[in-house]
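Below is a structure I'd like to ask you about.
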Amino acid sequence: MANYIRRLVSGDKARFKDGKLNMELDLIYLTDQVIIMGYPATGIEGLYRNRREDTKRFLEHRHGKNYWIFNFCPIRENSYDPSFFDGRVSRYPYPDHHAPPLAVMPLLAREMRAWLSGSPDRVAVLHCKAGKGRSGTMACTYLLTLNDTPSPPRLERSYSIKQWAKIRADDAMDIVPDDVDEHSTTEVPLTTISDFPEESHNILDNPDLTGTPEVLSPAPTIPVPGKSLTSSLKDVLDLHTSRRMKAPSSPGKKLKQGVSIPSQRRWLHYWALILAHEAPSYFWEIPRSPGSSNDKAGRPKVRLTEIKLQMRESSGVKINLVRAANIMMGQTNLGKNPTPATGNGYGHVWISLARYDDNFVDVLERWEKHTRDETHIGSRKPGTEHLGEEEVGKIFSEGIWDSRKMVRSFARLGPIGDGAVVKTQSDKEGKVVTYTLRPLSNESWDDLRDTLQNEDKKLDPAPEGANIPASESNSISDLTQGTSSRGVILDASREVRVKLYMGQVFMGWIWFIPAFHLPERTFASGQETTRFSFTRKEVDFPLGVGSEIISVEICLEWLGERDNEIIHPPARLSSQDEETQGKTGEPSGITALHAVTAATASDIVQAKQAAEN
(Lines of atoms letter the chains of each structure in order from A and count residues from 1; the text may use other names and numbers.)
(Lines give C-alpha, C1' and ligand atoms only; values in the text may rest on other atoms or scores of the structure.)
Protein backbone atom coordinates (compact mmCIF):
# COMPACT_ATOMS: atom_id res chain seq x y z
CA MET A 1 0.00 0.00 0.00
CA ALA A 2 2.83 2.44 0.89
CA ASN A 3 4.53 1.94 -2.49
CA TYR A 4 1.19 2.48 -4.23
CA ILE A 5 0.80 5.84 -2.47
CA ARG A 6 4.38 6.78 -3.29
CA ARG A 7 3.80 5.99 -6.96
CA LEU A 8 0.76 8.26 -6.97
CA VAL A 9 2.79 11.09 -5.42
CA SER A 10 5.64 10.52 -7.91
CA GLY A 11 3.15 11.09 -10.72
CA ASP A 12 4.92 11.21 -14.08
CA LYS A 13 8.41 10.78 -12.61
CA ALA A 14 10.30 7.52 -13.14
CA ARG A 15 11.12 5.33 -10.13
CA PHE A 16 13.91 2.85 -9.40
CA LYS A 17 13.31 -0.70 -8.14
CA ASP A 18 16.17 -2.56 -6.47
CA GLY A 19 15.34 -6.27 -6.53
CA LYS A 20 18.14 -7.28 -4.16
CA LEU A 21 17.02 -4.85 -1.47
CA ASN A 22 13.33 -5.33 -2.31
CA MET A 23 13.04 -1.55 -2.40
CA GLU A 24 11.45 1.00 -4.71
CA LEU A 25 12.45 4.68 -4.59
CA ASP A 26 11.58 7.93 -6.34
CA LEU A 27 15.08 7.98 -7.84
CA ILE A 28 16.90 7.68 -11.16
CA TYR A 29 20.46 7.57 -12.47
CA LEU A 30 20.74 10.54 -14.82
CA THR A 31 24.25 9.38 -15.74
CA ASP A 32 26.52 6.81 -14.12
CA GLN A 33 27.72 9.49 -11.70
CA VAL A 34 24.63 11.66 -11.18
CA ILE A 35 21.56 10.49 -9.23
CA ILE A 36 18.35 12.51 -8.81
CA MET A 37 15.84 11.57 -6.14
CA GLY A 38 12.92 12.86 -4.10
CA TYR A 39 13.30 14.20 -0.57
CA PRO A 40 14.47 11.60 2.01
CA ALA A 41 11.69 11.89 4.56
CA THR A 42 10.69 10.57 7.96
CA GLY A 43 7.42 10.30 9.88
CA ILE A 44 4.16 10.80 8.03
CA GLU A 45 5.95 12.33 5.06
CA GLY A 46 7.89 9.07 4.75
CA LEU A 47 4.63 7.32 3.90
CA TYR A 48 4.47 9.05 0.53
CA ARG A 49 8.08 10.06 -0.14
CA ASN A 50 11.40 8.18 0.02
CA ARG A 51 12.00 6.91 3.55
CA ARG A 52 15.26 8.35 4.84
CA GLU A 53 16.41 4.98 6.19
CA ASP A 54 15.73 3.32 2.82
CA THR A 55 17.61 6.05 0.98
CA LYS A 56 20.72 5.57 3.12
CA ARG A 57 20.56 1.78 2.83
CA PHE A 58 20.23 2.03 -0.97
CA LEU A 59 23.17 4.42 -1.36
CA GLU A 60 25.48 2.53 0.98
CA HIS A 61 24.61 -0.85 -0.54
CA ARG A 62 25.39 0.35 -4.05
CA HIS A 63 28.10 2.95 -3.49
CA GLY A 64 29.56 2.48 -0.01
CA LYS A 65 31.02 5.82 1.06
CA ASN A 66 31.40 7.07 -2.51
CA TYR A 67 28.29 9.26 -2.53
CA TRP A 68 27.71 12.92 -1.71
CA ILE A 69 24.27 14.50 -1.36
CA PHE A 70 23.34 17.95 -2.65
CA ASN A 71 20.18 19.30 -0.98
CA PHE A 72 18.24 22.24 -2.50
CA CYS A 73 15.49 22.58 0.13
CA PRO A 74 15.52 25.71 2.33
CA ILE A 75 15.31 25.08 6.08
CA ARG A 76 11.90 26.78 6.22
CA GLU A 77 10.62 24.21 3.71
CA ASN A 78 12.20 20.97 4.98
CA SER A 79 15.43 19.92 6.64
CA TYR A 80 17.38 17.08 8.23
CA ASP A 81 20.63 16.69 10.12
CA PRO A 82 23.54 15.98 7.70
CA SER A 83 24.99 13.64 10.32
CA PHE A 84 22.36 11.06 9.31
CA PHE A 85 24.36 10.63 6.09
CA ASP A 86 27.67 10.86 7.99
CA GLY A 87 28.03 14.53 7.07
CA ARG A 88 28.18 13.86 3.32
CA VAL A 89 25.65 16.59 2.51
CA SER A 90 26.06 20.02 0.89
CA ARG A 91 23.21 22.52 0.81
CA TYR A 92 22.37 25.01 -1.97
CA PRO A 93 18.84 26.03 -0.96
CA TYR A 94 16.36 28.15 -2.87
CA PRO A 95 12.53 28.26 -2.88
CA ASP A 96 10.45 25.63 -4.61
CA HIS A 97 9.23 26.47 -8.16
CA HIS A 98 11.67 29.40 -8.40
CA ALA A 99 14.77 30.14 -10.43
CA PRO A 100 17.86 30.19 -8.17
CA PRO A 101 20.20 33.11 -7.56
CA LEU A 102 22.38 32.72 -10.65
CA ALA A 103 25.64 32.58 -8.67
CA VAL A 104 24.44 29.36 -7.00
CA MET A 105 24.79 27.56 -10.33
CA PRO A 106 28.60 27.84 -10.74
CA LEU A 107 29.18 27.19 -7.04
CA LEU A 108 27.16 23.96 -7.22
CA ALA A 109 28.72 22.85 -10.52
CA ARG A 110 32.25 23.45 -9.21
CA GLU A 111 31.71 21.43 -6.05
CA MET A 112 30.16 18.58 -8.05
CA ARG A 113 33.12 18.54 -10.44
CA ALA A 114 35.57 18.59 -7.54
CA TRP A 115 33.83 15.63 -5.89
CA LEU A 116 33.25 13.50 -8.99
CA SER A 117 36.74 14.00 -10.41
CA GLY A 118 38.16 12.22 -7.36
CA SER A 119 37.12 8.75 -8.57
CA PRO A 120 34.99 7.17 -11.30
CA ASP A 121 33.21 5.25 -8.52
CA ARG A 122 31.84 8.41 -6.94
CA VAL A 123 28.27 9.60 -7.41
CA ALA A 124 26.54 12.91 -6.71
CA VAL A 125 23.00 12.57 -5.33
CA LEU A 126 20.75 15.58 -5.95
CA HIS A 127 17.40 16.20 -4.32
CA CYS A 128 14.87 18.93 -3.62
CA LYS A 129 11.33 18.10 -2.47
CA ALA A 130 9.89 16.28 -5.47
CA GLY A 131 13.25 15.66 -7.13
CA LYS A 132 12.28 17.27 -10.43
CA GLY A 133 12.44 21.05 -11.01
CA ARG A 134 15.21 22.32 -8.74
CA SER A 135 17.16 19.06 -8.84
CA GLY A 136 16.81 18.85 -12.61
CA THR A 137 17.87 22.47 -13.06
CA MET A 138 21.01 21.98 -10.98
CA ALA A 139 21.86 18.61 -12.54
CA CYS A 140 21.68 20.23 -15.98
CA THR A 141 23.81 23.09 -14.63
CA TYR A 142 26.58 20.59 -13.91
CA LEU A 143 26.18 18.63 -17.16
CA LEU A 144 26.54 21.82 -19.20
CA THR A 145 30.04 22.32 -17.77
CA LEU A 146 31.32 19.02 -19.20
CA ASN A 147 33.57 19.18 -22.24
CA ASP A 148 31.67 16.41 -24.00
CA THR A 149 28.00 15.67 -24.47
CA PRO A 150 26.80 13.62 -21.48
CA SER A 151 25.34 10.21 -22.23
CA PRO A 152 22.79 8.01 -20.46
CA PRO A 153 24.14 5.50 -17.92
CA ARG A 154 26.26 2.63 -19.24
CA LEU A 155 26.87 0.62 -16.09
CA GLU A 156 24.68 -2.21 -14.84
CA ARG A 157 24.48 -0.63 -11.38
CA SER A 158 22.60 2.32 -12.86
CA TYR A 159 19.64 0.20 -13.93
CA SER A 160 17.11 -2.07 -12.29
CA ILE A 161 17.30 -5.79 -13.11
CA LYS A 162 14.37 -5.48 -15.50
CA GLN A 163 15.81 -2.41 -17.26
CA TRP A 164 19.23 -4.01 -17.62
CA ALA A 165 17.75 -7.22 -19.06
CA LYS A 166 15.85 -5.21 -21.66
CA ILE A 167 18.97 -3.25 -22.62
CA ARG A 168 21.01 -6.43 -23.05
CA ALA A 169 18.23 -7.97 -25.13
CA ASP A 170 18.06 -4.89 -27.35
CA ASP A 171 21.85 -4.98 -27.77
CA ALA A 172 21.69 -8.65 -28.75
CA MET A 173 19.01 -7.93 -31.33
CA ASP A 174 21.10 -5.11 -32.79
CA ILE A 175 23.90 -7.52 -33.76
CA VAL A 176 21.59 -10.11 -35.38
CA PRO A 177 21.80 -9.63 -39.18
CA ASP A 178 18.61 -8.94 -41.07
CA ASP A 179 17.22 -11.66 -43.37
CA VAL A 180 18.44 -10.98 -46.88
CA ASP A 181 17.06 -12.44 -50.09
CA GLU A 182 20.05 -14.27 -51.57
CA HIS A 183 18.88 -13.45 -55.10
CA SER A 184 18.54 -9.74 -54.48
CA THR A 185 21.29 -7.20 -54.64
CA THR A 186 21.28 -3.76 -53.12
CA GLU A 187 23.71 -1.02 -53.91
CA VAL A 188 25.11 0.42 -50.67
CA PRO A 189 25.80 4.14 -51.04
CA LEU A 190 28.85 5.76 -49.54
CA THR A 191 28.08 7.36 -46.18
CA THR A 192 28.61 11.09 -45.93
CA ILE A 193 28.44 13.41 -42.99
CA SER A 194 24.99 14.57 -44.04
CA ASP A 195 23.69 10.99 -43.75
CA PHE A 196 24.19 10.91 -40.00
CA PRO A 197 21.33 11.93 -37.72
CA GLU A 198 21.35 15.41 -36.28
CA GLU A 199 23.24 15.57 -33.00
CA SER A 200 20.11 16.67 -31.13
CA HIS A 201 18.70 13.17 -31.70
CA ASN A 202 21.75 11.27 -30.45
CA ILE A 203 20.97 11.76 -26.78
CA LEU A 204 18.05 9.34 -26.82
CA ASP A 205 19.86 6.54 -28.68
CA ASN A 206 20.46 3.31 -26.80
CA PRO A 207 23.98 3.48 -25.29
CA ASP A 208 26.68 0.89 -25.90
CA LEU A 209 26.65 -1.04 -22.64
CA THR A 210 29.42 -3.54 -23.41
CA GLY A 211 32.30 -1.61 -21.83
CA THR A 212 33.15 0.27 -18.69
CA PRO A 213 33.71 4.02 -18.88
CA GLU A 214 37.30 5.08 -18.32
CA VAL A 215 36.53 8.71 -17.58
CA LEU A 216 35.93 10.46 -14.28
CA SER A 217 32.81 12.27 -15.39
CA PRO A 218 29.71 10.83 -17.09
CA ALA A 219 30.75 8.82 -20.13
CA PRO A 220 31.12 11.19 -23.10
CA THR A 221 30.25 10.87 -26.73
CA ILE A 222 32.57 12.11 -29.44
CA PRO A 223 32.35 15.92 -29.39
CA VAL A 224 30.68 17.43 -32.41
CA PRO A 225 32.81 20.14 -34.05
CA GLY A 226 31.06 23.47 -34.14
CA LYS A 227 28.22 22.28 -31.95
CA SER A 228 25.95 25.17 -31.03
CA LEU A 229 25.07 26.37 -27.57
CA THR A 230 21.40 25.75 -28.31
CA SER A 231 22.08 22.18 -29.36
CA SER A 232 24.18 21.46 -26.24
CA LEU A 233 21.46 22.81 -23.95
CA LYS A 234 18.82 20.81 -25.79
CA ASP A 235 20.88 17.63 -25.44
CA VAL A 236 21.17 18.09 -21.69
CA LEU A 237 17.48 18.90 -21.22
CA ASP A 238 16.49 15.96 -23.42
CA LEU A 239 18.70 13.61 -21.42
CA HIS A 240 17.15 14.75 -18.15
CA THR A 241 13.62 14.37 -19.55
CA SER A 242 14.30 10.91 -20.99
CA ARG A 243 15.73 9.66 -17.68
CA ARG A 244 13.57 11.45 -15.08
CA MET A 245 10.13 11.13 -16.65
CA LYS A 246 8.11 7.97 -17.24
CA ALA A 247 7.39 6.96 -20.79
CA PRO A 248 3.88 7.98 -21.90
CA SER A 249 1.19 5.38 -21.22
CA SER A 250 0.03 5.51 -24.83
CA PRO A 251 1.78 6.28 -28.15
CA GLY A 252 -0.33 9.39 -28.68
CA LYS A 253 0.75 11.07 -25.45
CA LYS A 254 3.72 13.41 -25.36
CA LEU A 255 6.57 12.89 -22.89
CA LYS A 256 6.37 15.61 -20.25
CA GLN A 257 9.41 17.85 -19.77
CA GLY A 258 11.74 17.14 -16.87
CA VAL A 259 12.65 20.78 -16.28
CA SER A 260 9.30 22.31 -17.19
CA ILE A 261 9.16 25.70 -15.42
CA PRO A 262 10.00 28.38 -18.02
CA SER A 263 12.10 30.53 -15.68
CA GLN A 264 14.28 27.57 -14.67
CA ARG A 265 14.87 26.75 -18.33
CA ARG A 266 15.62 30.44 -18.94
CA TRP A 267 18.28 30.31 -16.19
CA LEU A 268 19.92 27.31 -17.86
CA HIS A 269 20.07 29.30 -21.08
CA TYR A 270 21.78 32.17 -19.23
CA TRP A 271 24.26 29.71 -17.71
CA ALA A 272 24.97 28.19 -21.13
CA LEU A 273 25.70 31.69 -22.48
CA ILE A 274 28.13 32.32 -19.62
CA LEU A 275 29.94 29.03 -20.23
CA ALA A 276 30.20 29.82 -23.95
CA HIS A 277 31.57 33.32 -23.15
CA GLU A 278 28.55 34.83 -24.90
CA ALA A 279 27.15 36.65 -21.86
CA PRO A 280 27.22 40.48 -21.83
CA SER A 281 30.78 41.74 -21.42
CA TYR A 282 30.03 43.48 -18.10
CA PHE A 283 28.19 40.53 -16.51
CA TRP A 284 30.22 39.22 -13.53
CA GLU A 285 33.21 40.83 -15.27
CA ILE A 286 34.03 37.65 -17.20
CA PRO A 287 36.96 37.66 -17.69
CA ARG A 288 37.74 39.80 -14.66
CA SER A 289 39.66 42.99 -15.24
CA PRO A 290 42.87 43.44 -13.20
CA GLY A 291 42.19 44.80 -9.73
CA SER A 292 38.43 44.30 -10.00
CA SER A 293 36.40 44.10 -6.81
CA ASN A 294 32.87 43.43 -5.65
CA ASP A 295 32.03 47.14 -5.58
CA LYS A 296 28.67 47.54 -7.31
CA ALA A 297 28.95 51.30 -7.82
CA GLY A 298 30.15 50.86 -11.39
CA ARG A 299 27.72 48.14 -12.40
CA PRO A 300 25.33 49.19 -15.18
CA LYS A 301 21.79 50.11 -14.16
CA VAL A 302 18.51 50.18 -16.03
CA ARG A 303 15.18 51.89 -15.44
CA LEU A 304 12.02 49.81 -15.76
CA THR A 305 9.46 52.30 -17.03
CA GLU A 306 6.41 50.14 -17.72
CA ILE A 307 5.07 46.64 -18.28
CA LYS A 308 2.30 45.95 -20.76
CA LEU A 309 0.11 42.93 -20.09
CA GLN A 310 -2.13 41.67 -22.88
CA MET A 311 -4.94 39.27 -21.95
CA ARG A 312 -7.91 37.76 -23.69
CA GLU A 313 -11.12 39.01 -22.13
CA SER A 314 -12.06 36.56 -19.39
CA SER A 315 -15.38 34.79 -19.39
CA GLY A 316 -18.03 35.77 -16.86
CA VAL A 317 -17.48 32.46 -15.05
CA LYS A 318 -13.79 33.13 -14.48
CA ILE A 319 -14.38 36.73 -13.41
CA ASN A 320 -16.98 35.57 -10.90
CA LEU A 321 -14.56 32.98 -9.53
CA VAL A 322 -11.85 35.62 -9.22
CA ARG A 323 -14.30 37.94 -7.48
CA ALA A 324 -15.27 35.14 -5.08
CA ALA A 325 -11.62 34.38 -4.37
CA ASN A 326 -10.91 38.01 -3.55
CA ILE A 327 -13.95 38.27 -1.27
CA MET A 328 -12.89 35.17 0.64
CA MET A 329 -9.32 36.42 1.00
CA GLY A 330 -10.56 39.78 2.15
CA GLN A 331 -12.73 38.14 4.83
CA THR A 332 -10.14 35.62 6.06
CA ASN A 333 -6.49 35.64 7.05
CA LEU A 334 -5.16 35.19 3.52
CA GLY A 335 -4.48 38.90 3.23
CA LYS A 336 -4.23 41.85 5.55
CA ASN A 337 -6.14 44.07 3.15
CA PRO A 338 -9.09 43.09 0.94
CA THR A 339 -8.45 43.45 -2.79
CA PRO A 340 -11.47 42.23 -4.77
CA ALA A 341 -12.01 42.45 -8.48
CA THR A 342 -13.89 45.49 -9.66
CA GLY A 343 -17.57 45.28 -10.26
CA ASN A 344 -17.49 46.10 -13.97
CA GLY A 345 -16.12 42.73 -15.06
CA TYR A 346 -12.44 43.76 -15.07
CA GLY A 347 -10.09 42.94 -12.22
CA HIS A 348 -7.60 45.39 -10.75
CA VAL A 349 -4.40 44.06 -12.29
CA TRP A 350 -1.12 44.92 -10.60
CA ILE A 351 2.44 43.62 -10.38
CA SER A 352 4.86 42.97 -7.55
CA LEU A 353 8.60 43.17 -8.32
CA ALA A 354 10.96 41.12 -6.18
CA ARG A 355 14.52 39.77 -6.02
CA TYR A 356 16.63 37.66 -3.71
CA ASP A 357 17.97 39.20 -0.51
CA ASP A 358 20.79 41.58 -1.48
CA ASN A 359 23.21 40.48 1.25
CA PHE A 360 22.64 36.86 0.32
CA VAL A 361 23.46 37.48 -3.36
CA ASP A 362 26.50 39.57 -2.38
CA VAL A 363 27.91 36.60 -0.48
CA LEU A 364 27.24 34.21 -3.37
CA GLU A 365 28.80 36.50 -5.97
CA ARG A 366 31.85 37.08 -3.78
CA TRP A 367 32.43 33.34 -3.54
CA GLU A 368 31.70 32.86 -7.25
CA LYS A 369 34.50 35.29 -8.14
CA HIS A 370 36.89 33.87 -5.56
CA THR A 371 36.48 30.24 -6.70
CA ARG A 372 36.31 30.92 -10.44
CA ASP A 373 38.88 29.25 -12.68
CA GLU A 374 39.26 31.73 -15.54
CA THR A 375 40.25 28.94 -17.95
CA HIS A 376 37.03 27.01 -17.24
CA ILE A 377 34.17 28.82 -15.52
CA GLY A 378 32.56 25.53 -14.50
CA SER A 379 35.61 24.41 -12.50
CA ARG A 380 36.75 25.51 -9.05
CA LYS A 381 40.13 27.23 -8.93
CA PRO A 382 42.52 25.11 -6.84
CA GLY A 383 43.15 26.37 -3.32
CA THR A 384 40.05 28.61 -3.13
CA GLU A 385 38.05 26.64 -0.58
CA HIS A 386 38.77 29.31 2.03
CA LEU A 387 38.45 33.09 2.00
CA GLY A 388 40.05 34.42 5.14
CA GLU A 389 38.44 32.47 7.96
CA GLU A 390 35.38 31.60 5.87
CA GLU A 391 34.87 28.29 4.07
CA VAL A 392 32.90 27.88 0.85
CA GLY A 393 31.31 24.67 2.09
CA LYS A 394 29.75 26.46 5.04
CA ILE A 395 27.88 29.25 3.26
CA PHE A 396 24.55 27.64 4.18
CA SER A 397 25.58 25.66 7.25
CA GLU A 398 24.05 28.04 9.80
CA GLY A 399 20.75 28.54 7.99
CA ILE A 400 21.29 32.31 7.95
CA TRP A 401 19.87 32.79 4.46
CA ASP A 402 17.11 30.20 4.18
CA SER A 403 15.36 30.16 7.54
CA ARG A 404 13.19 33.12 6.50
CA LYS A 405 12.03 34.78 3.29
CA MET A 406 14.70 34.53 0.60
CA VAL A 407 12.83 36.63 -1.99
CA ARG A 408 12.04 40.25 -1.12
CA SER A 409 9.54 42.50 -2.90
CA PHE A 410 10.74 46.03 -3.65
CA ALA A 411 8.21 47.79 -5.91
CA ARG A 412 4.73 47.60 -7.40
CA LEU A 413 3.26 48.57 -10.73
CA GLY A 414 -0.36 49.33 -11.51
CA PRO A 415 -2.65 51.07 -14.02
CA ILE A 416 -2.29 54.85 -13.87
CA GLY A 417 -4.48 57.22 -15.89
CA ASP A 418 -7.51 56.84 -18.12
CA GLY A 419 -5.64 55.06 -20.94
CA ALA A 420 -4.08 52.39 -18.74
CA VAL A 421 -6.71 49.78 -19.65
CA VAL A 422 -7.63 49.48 -23.33
CA LYS A 423 -9.97 46.97 -24.95
CA THR A 424 -9.47 45.98 -28.61
CA GLN A 425 -10.61 43.31 -31.05
CA SER A 426 -8.11 40.87 -32.58
CA ASP A 427 -8.77 38.43 -35.43
CA LYS A 428 -6.54 35.84 -33.72
CA GLU A 429 -7.29 36.36 -30.02
CA GLY A 430 -10.77 37.87 -30.11
CA LYS A 431 -11.46 40.52 -27.46
CA VAL A 432 -8.14 41.66 -25.94
CA VAL A 433 -7.56 43.81 -22.87
CA THR A 434 -4.21 45.62 -22.66
CA TYR A 435 -3.04 46.84 -19.24
CA THR A 436 -0.25 49.42 -19.19
CA LEU A 437 1.25 49.14 -15.71
CA ARG A 438 3.64 51.78 -14.41
CA PRO A 439 5.53 52.15 -11.11
CA LEU A 440 3.33 53.18 -8.19
CA SER A 441 4.38 55.73 -5.63
CA ASN A 442 3.27 55.18 -2.05
CA GLU A 443 0.45 57.66 -2.63
CA SER A 444 -0.70 55.93 -5.82
CA TRP A 445 -0.67 52.54 -4.12
CA ASP A 446 -2.62 53.91 -1.15
CA ASP A 447 -5.23 55.34 -3.52
CA LEU A 448 -5.60 52.03 -5.35
CA ARG A 449 -5.81 50.09 -2.10
CA ASP A 450 -8.47 52.47 -0.76
CA THR A 451 -10.51 51.97 -3.93
CA LEU A 452 -10.31 48.22 -3.54
CA GLN A 453 -11.32 48.41 0.11
CA ASN A 454 -14.34 50.60 -0.68
CA GLU A 455 -15.49 48.28 -3.45
CA ASP A 456 -15.24 45.31 -1.12
CA LYS A 457 -18.05 46.77 1.01
CA LYS A 458 -20.40 46.51 -1.96
CA LEU A 459 -19.81 42.79 -2.40
CA ASP A 460 -21.45 39.90 -0.60
CA PRO A 461 -19.47 38.52 2.32
CA ALA A 462 -17.54 35.28 2.09
CA PRO A 463 -19.27 32.03 2.94
CA GLU A 464 -19.26 31.31 6.64
CA GLY A 465 -16.73 28.83 7.93
CA ALA A 466 -14.30 29.29 5.05
CA ASN A 467 -11.14 27.60 6.29
CA ILE A 468 -8.31 28.96 4.15
CA PRO A 469 -4.69 28.66 5.33
CA ALA A 470 -2.45 31.70 5.51
CA SER A 471 0.07 32.18 2.72
CA GLU A 472 3.75 32.88 3.16
CA SER A 473 4.24 36.43 1.95
CA ASN A 474 2.25 39.58 1.26
CA SER A 475 3.11 42.23 -1.29
CA ILE A 476 0.02 44.20 -0.31
CA SER A 477 1.38 44.83 3.18
CA ASP A 478 5.14 44.85 2.53
CA LEU A 479 6.64 48.22 3.40
CA THR A 480 8.13 49.11 0.04
CA GLN A 481 9.76 52.46 -0.62
CA GLY A 482 7.92 54.89 -2.85
CA THR A 483 8.79 54.63 -6.54
CA SER A 484 9.59 57.51 -8.84
CA SER A 485 7.09 58.02 -11.62
CA ARG A 486 10.03 57.84 -14.04
CA GLY A 487 10.58 54.18 -13.26
CA VAL A 488 12.17 51.55 -11.01
CA ILE A 489 15.97 51.43 -10.98
CA LEU A 490 17.41 47.92 -11.37
CA ASP A 491 20.87 46.39 -11.37
CA ALA A 492 21.13 45.09 -14.95
CA SER A 493 22.98 41.98 -13.71
CA ARG A 494 20.53 41.01 -10.97
CA GLU A 495 17.47 38.77 -11.10
CA VAL A 496 13.94 40.21 -11.06
CA ARG A 497 10.67 38.43 -10.41
CA VAL A 498 7.56 39.93 -12.03
CA LYS A 499 4.53 38.55 -10.17
CA LEU A 500 1.12 39.18 -11.73
CA TYR A 501 -2.12 39.61 -9.78
CA MET A 502 -5.77 40.31 -10.41
CA GLY A 503 -6.86 41.66 -7.04
CA GLN A 504 -5.33 39.11 -4.70
CA VAL A 505 -5.51 36.27 -7.20
CA PHE A 506 -2.14 35.08 -8.44
CA MET A 507 -1.93 34.87 -12.26
CA GLY A 508 1.68 33.79 -12.80
CA TRP A 509 5.21 35.12 -12.62
CA ILE A 510 8.36 35.61 -14.68
CA TRP A 511 11.97 35.56 -13.51
CA PHE A 512 14.50 37.32 -15.76
CA ILE A 513 17.86 39.10 -15.67
CA PRO A 514 17.83 42.34 -17.71
CA ALA A 515 21.44 42.00 -18.94
CA PHE A 516 20.60 38.95 -21.07
CA HIS A 517 17.74 40.71 -22.87
CA LEU A 518 19.40 44.02 -23.66
CA PRO A 519 21.81 44.98 -26.44
CA GLU A 520 25.31 46.09 -25.49
CA ARG A 521 25.58 49.78 -24.84
CA THR A 522 28.12 52.53 -24.35
CA PHE A 523 28.14 53.12 -20.62
CA ALA A 524 28.62 56.87 -21.02
CA SER A 525 25.27 57.11 -22.75
CA GLY A 526 21.84 56.47 -21.39
CA GLN A 527 18.14 56.54 -22.22
CA GLU A 528 18.47 53.73 -24.76
CA THR A 529 15.07 52.02 -24.58
CA THR A 530 14.51 48.32 -25.20
CA ARG A 531 11.25 46.38 -25.25
CA PHE A 532 11.04 42.59 -25.10
CA SER A 533 8.13 40.24 -24.53
CA PHE A 534 7.31 36.94 -22.87
CA THR A 535 4.45 34.85 -24.23
CA ARG A 536 2.08 32.91 -21.99
CA LYS A 537 4.20 29.78 -22.51
CA GLU A 538 7.14 31.67 -21.02
CA VAL A 539 5.20 32.60 -17.86
CA ASP A 540 5.41 30.32 -14.82
CA PHE A 541 2.05 28.83 -13.68
CA PRO A 542 -0.36 30.83 -15.90
CA LEU A 543 -3.42 28.94 -14.69
CA GLY A 544 -7.04 29.96 -14.19
CA VAL A 545 -7.44 33.59 -15.18
CA GLY A 546 -3.70 33.57 -15.93
CA SER A 547 -4.39 31.22 -18.83
CA GLU A 548 -5.86 34.24 -20.63
CA ILE A 549 -2.45 35.95 -20.75
CA ILE A 550 -1.24 36.63 -24.30
CA SER A 551 2.02 38.43 -23.61
CA VAL A 552 3.97 40.43 -21.04
CA GLU A 553 6.08 43.24 -22.51
CA ILE A 554 8.91 44.75 -20.45
CA CYS A 555 10.21 48.26 -21.19
CA LEU A 556 13.72 49.12 -19.94
CA GLU A 557 16.10 51.97 -20.60
CA TRP A 558 19.78 52.27 -19.81
CA LEU A 559 21.06 54.75 -17.27
CA GLY A 560 24.24 56.62 -18.14
CA GLU A 561 27.42 56.43 -16.04
CA ARG A 562 26.70 59.86 -14.58
CA ASP A 563 23.19 58.98 -13.45
CA ASN A 564 23.32 58.81 -9.67
CA GLU A 565 19.92 57.22 -9.07
CA ILE A 566 20.19 54.32 -6.64
CA ILE A 567 18.93 50.78 -7.18
CA HIS A 568 15.50 50.38 -5.65
CA PRO A 569 15.84 48.87 -2.15
CA PRO A 570 13.83 45.80 -1.06
CA ALA A 571 10.83 45.92 1.25
CA ARG A 572 11.38 46.14 4.97
CA LEU A 573 10.18 43.10 6.86
CA SER A 574 7.49 43.91 9.38
CA SER A 575 7.90 42.85 13.00
CA GLN A 576 5.34 40.12 12.39
CA ASP A 577 7.35 38.88 9.41
CA GLU A 578 10.44 38.70 11.59
CA GLU A 579 8.60 36.81 14.32
CA THR A 580 7.10 34.26 11.95
CA GLN A 581 10.19 34.18 9.71
CA GLY A 582 8.29 35.59 6.77
CA LYS A 583 5.25 33.33 6.78
CA THR A 584 2.57 36.03 6.48
CA GLY A 585 2.80 37.82 3.22
CA GLU A 586 2.21 37.99 -0.47
CA PRO A 587 -1.27 36.70 -1.35
CA SER A 588 -1.27 33.27 -2.89
CA GLY A 589 -4.76 33.67 -4.21
CA ILE A 590 -7.25 30.85 -3.84
CA THR A 591 -5.62 29.22 -6.81
CA ALA A 592 -7.75 26.11 -6.72
CA LEU A 593 -10.92 28.18 -6.86
CA HIS A 594 -10.21 29.74 -10.20
CA ALA A 595 -7.62 27.40 -11.71
CA VAL A 596 -10.14 24.58 -11.68
CA THR A 597 -11.70 26.07 -14.80
CA ALA A 598 -8.54 25.55 -16.82
CA ALA A 599 -6.17 23.05 -15.20
CA THR A 600 -5.68 19.56 -13.85
CA ALA A 601 -5.54 18.79 -10.14
CA SER A 602 -1.75 18.45 -10.38
CA ASP A 603 -1.46 21.89 -12.00
CA ILE A 604 -3.66 23.43 -9.31
CA VAL A 605 -1.49 22.05 -6.51
CA GLN A 606 1.69 23.25 -8.22
CA ALA A 607 0.27 26.72 -8.83
CA LYS A 608 -0.96 27.04 -5.25
CA GLN A 609 2.46 26.03 -3.90
CA ALA A 610 4.17 28.44 -6.29
CA ALA A 611 1.89 31.33 -5.36
CA GLU A 612 2.66 30.83 -1.68
CA ASN A 613 6.42 31.28 -2.18
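Just so you know, the numbers here start at 1 and follow the chain as drawn.
From the backbone N, Cα and C atoms, a Cβ is placed for every residue, glycine too.
Keep in mind it's a predicted model, so treat the numbers as computed, not measured.
Annotations per TrEMBL:
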type	residues	note
DOMAIN	16-278	domain 'Phosphatase tensin-type'
DOMAIN	117-144	domain 'Tyrosine specific protein phosphatases'
REGION	456-479	region 'Disordered'
COMPBIAS	470-479	compositional bias 'Polar residues'
REGION	570-591	region 'Disordered'
Against which stretches of its own chain does the domain 'Tyrosine specific protein phosphatases' (117-144) lie, if we need a Cβ under 8 Å and a gap of at least six residues from its ends?
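Same-chain residues near the domain 'Tyrosine specific protein phosphatases' (117-144) but 6 or more away: 13, 26-27, 30-40, 59, 63, 66-73, 77-78, 92, 94, 96-97, 99-100, 105, 108-109, 150, 213-218, 232-233, 236-237, 239-240, 244, 258-261, 264, 267-268, 271-272, 275, 378.
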Can you work out the mean pLDDT of the predicted model over the domain 'Tyrosine specific protein phosphatases' (117-144)?
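It averages 97.
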With DSSP, how much of the domain 'Tyrosine specific protein phosphatases' (117-144) is helix, how much strand and how much coil, in residues?
11 helix, 5 strand, 12 coil
